[in-house]
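Visitor: Input: one structure, supplied below.
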């Protein structure tokens, strides 16, 4: 049967393991996978773990076949396994075969292109490193690899935690893509608080000598903690529940109760359907990098309401609602929410949402739709100056394109449908009108001065100039140019670029210098 287990392959990196890893792999199985990176790159492989029960690699073994070289077979202790294999091509075939055996974990390996010589496997931990600061490349597919992590993105992670799995938990990289991580090791703390984030559970941890944190881009703060945010923002919903308790008292589970910072009830819908929604108006366009959710039990212990899964919609002024989609697919992304009513669960948006309005649309829930939430992010100006982290790098759209490190660009965030036409027209037309007014005012002043001197009998040169009026006097210093056109571009690809004629043929004879 198929002896392949956990497999995640992206165009630039990936992870591959035998079936049941780290448990015992099955008898008489075969796993054969072709892996590749973009043309023009060399393939780098790192074997994180190899435990195959075979003395002479006769019935159970692992081989790596490139275009011209066979690496292996690897098994038991017959042939030492190299820490790193650099192939002479951009593709290879991984072949794992098993016979009859009693024990053995099988194998786990990671690969990447030669653009990432600092590749590590999913099994490396922070305590494997002695440097206070270091940077490494995590392959795609480390989220579901067995191994514990302890800690959180705020206080840091215990140094025994898996590096790449912790980076996914922290929202530094996406599991589908992998990416570069920058780590700083610091003195440990007495206790590490765990929690679920981005589908990765983190456990509470005890005292350790060291801990590590990830370099942050600065755009992961709670938006509701900004000064005046709660007063500027507005929360609305499709419906809300009005509860009457056994004493006849009325409680409103209204949208204004939805913020985590607001004590008391949560928001709860009056109906149970996936057409219910909670909408937040942020007051202005912001960069939203994540969301924290919890259920009714965080404040009301006698209720067990929470949202299990949800989707996200977003929009800006005068635009339509758009659905947040997966990184590598064009399908609506379903976020994993809470598994109980009391714990806080975090999900990061990679890439981030840039919008003024967002909607949370529950898909599945326990007993009744109810939640409290917090949005994380920053203002647009702050984001533009600080977003250089690799977590925002945009994946190439084609595996046929060779991408070097120098070709990487910062990922465009989820785009806004708003156009800035009004600002662009204002920036062009206002200066033109100001210049025209200045010249008109100057012409009037000159005419007034000429007439005043004529009244006093003063001569101003040729009589023809005097008879033809003041406009002839100021006509000469300026030359007539053809109409100048400026192209106004739109952010929306559907819009057709238009041309704005700033200087028409019907203008007066006087003319301002070209802008």
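Positions of Cβ are set from backbone N, Cα and C atoms, glycine also.
Features from TrEMBL:
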- 391-402: compositional bias 'Polar residues' (COMPBIAS)
- 4-31: disulfide bond (DISULFID)
- 4-114: domain 'CUB' (DOMAIN)
- 116-212: domain 'LCCL' (DOMAIN)
- 219-378: domain 'F5/8 type C' (DOMAIN)
- 425-450: transmembrane segment (TRANSMEM)
Visitor: So for residue 4 (disulfide bond), how many other CB atoms are inside 10 Å of its CB?
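Guide: 18, counting other Cβ atoms within 10 Å of residue 4 (disulfide bond).
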Visitor: Are there any residues in the same chain, six or more apart in sequence, whose C-beta is under 8 angstroms from the C-beta of residue 31 (disulfide bond), and if so which?
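Guide: 2, 3, 4, 5, 18, 19, 94, 95, 96, 97 - these are the non-local Cβ neighbours of residue 31 (disulfide bond), listed in sequence order.
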Visitor: For the domain 'CUB' (4-114), would you mind checking the mean pLDDT of the predicted model?
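Guide: When the pLDDT values over the domain 'CUB' (4-114) are averaged, the result is 92.
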Visitor: DSSP-wise, what's the residue breakdown of the domain 'LCCL' (116-212) into helix, strand and coil?
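Guide: So the counts come to 11 helix, 40 strand, 46 coil.
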